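Below is one structure, written out as structure tokens, with a few remarks after it.
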Amino acid sequence: MGNKKVKQMIGKIGLLLVAIIWGTGFVWTAIALEHFGPYEIIAIRMTIAFIALLLMNIHRLNELTRVNLLRGSFVGLLLYLGFIFQTIGLSYTTPSNNAFLTAVNIVFVPFISLILLRRTISFQSIWGALVTFVGIGFISLQSGLSNMNRGDVFSLICAVFFALQIVATDIFTKKMPTWQLLLSQIGTASLLAWIGVFTSGETNLVDGSVPLNGQTLFPLVYLGLVGTLFAYYIQTYSQKTTSSTETAVILSTEAFFGMIGSVLVLHEVVTFPMIIGGILIFCGILIVEIDFLQFRQVREKIASGFKHKKENNHPST
């Protein structure tokens, strides 16, 4: 296996790890929502990640150019808009509808890549994305998607911004160091999130109405350091060797891992649609990742070699 293939494989494993972190992160978000508002959670997790990242790279801040700062800030704006529309959508629709409609970004990404990056979309990628999309539907839509309301519309808008964030990361991660993109991205999202906190009136943390102890702080620290800093670093680094479409499909498995986390920690009941959804998501990834053309070429070589061997064993007279 060549060096390029190894890097691509590491990138895909990294994205799968991110999906696991984000999927199980739903559990910690649910726990944090018992004490803090959604805007506060976004702001705090982004701030924790930004401060940690700033301390890690404070010795080389002079290397951050204005161009790269603007690039990262643009990605941070997309990231924040994705989170904010997801949060607003969740206020008006069910969590299952919100999760499902957010995951529509796996369908948007290939077409955005086609428009912005002029990248052709393979039938294999589209088919895999659609199968994964249906699988997410089985997991998320236990009660069906009927009578769409404005919360569903906001959730769809959020999916567009998350898709744009994936494509923008794909573009800029190949043009600038990972730490610069991550620092400026999370810093921008953090600043915008705090503006959202004070304009929304969520001040549980500031006014001291929530006791600060291990039970209330651990979910926030986990979401900040693991769910944001570590996860977005791995995503940004992994996208250097992975296409936008592959990234979207792999990251969409967070719905599956979120289901597992909910079952193990929150003791949700496993249903038959959940099992079907998990199988479909796995199949969708296989469709995107398996090189069927290479399999066919190997099969043809084997068949050709077998035929040649047979002819040698039975030479014509």
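Every residue, even glycine, has its Cβ placed from backbone N, Cα and C.
As annotated by TrEMBL, domain 'EamA' applies to 10-140 (among others).
Among the features that TrEMBL reports, domain 'EamA' is placed at 150-288 (among others). Counted with DSSP, the domain 'EamA' (150-288) comes out as 108 helix, 0 strand, 31 coil.
Per TrEMBL, transmembrane segment is recorded for 12-33 (among others). Counting same-chain residues at least six beyond the ends of the transmembrane segment (12-33), those with a Cβ under 8 angstroms from any Cβ of the stretch are 41, 216, 219-220, 222-223, 226-227, 230-231, 234-235, 237-239, 242, 246-247, 250-262, 265-266, 289.
The annotation transmembrane segment is assigned in TrEMBL to 39-58 (among others). Through the fold, the transmembrane segment (39-58) approaches residues 29, 32-33, 80, 83-84, 87, 179, 182-183, 186-187, 189-190, 193-194, 196-197, 200, 202, 204-205, 220-221, 223-225, 227-229, 232 of its own chain, all at least 6 residues removed from its boundaries and within a Cβ separation under 8 Å.
TrEMBL lists 70-93 (among others) with the feature transmembrane segment.
Look at TrEMBL and you will find 99-117 (among others) tagged as transmembrane segment.
Per TrEMBL, the feature transmembrane segment maps to 124-141 (among others).
Remote same-chain partners of the transmembrane segment (153-172), defined as residues 6 or more beyond its termini with a Cβ less than 8 Å from a stretch Cβ, comprise 71-72, 74-75, 78-79, 81-86, 88-90, 92-93, 97-98, 101-106, 108-109, 112-113, 116-117, 181, 235-236, 239, 243-244, 247-248, 251. As annotated by TrEMBL, transmembrane segment applies to 153-172 (among others).
Summarising the annotation, TrEMBL assigns transmembrane segment to 179-197 (among others).
Annotation source TrEMBL lists transmembrane segment at 217-235 (among others).
TrEMBL lists 247-266 (among others) with the feature transmembrane segment. Through the fold, the transmembrane segment (247-266) approaches residues 12, 15-16, 18-20, 22-27, 30, 99-100, 103, 105-106, 109-110, 125, 128-129, 132-133, 135-136, 139-140, 163, 166, 170, 235, 238-239, 274, 277-278, 281-282, 284-285, 288 of its own chain, all at least 6 residues removed from its boundaries and within a Cβ separation under 8 Å.
As annotated by TrEMBL, transmembrane segment applies to 272-293 (among others).
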Task: Helix-strand-coil residue split for the domain 'EamA' (10-140), DSSP-based - done: 115 helix, 0 strand, 16 coil
Open item on the list: Restricting to CB pairs under 8 Å, which listed stretch, 70-93, 99-117, 179-197, 217-235, is in contact most with the transmembrane segment (124-141)?
Closed with: 99-117
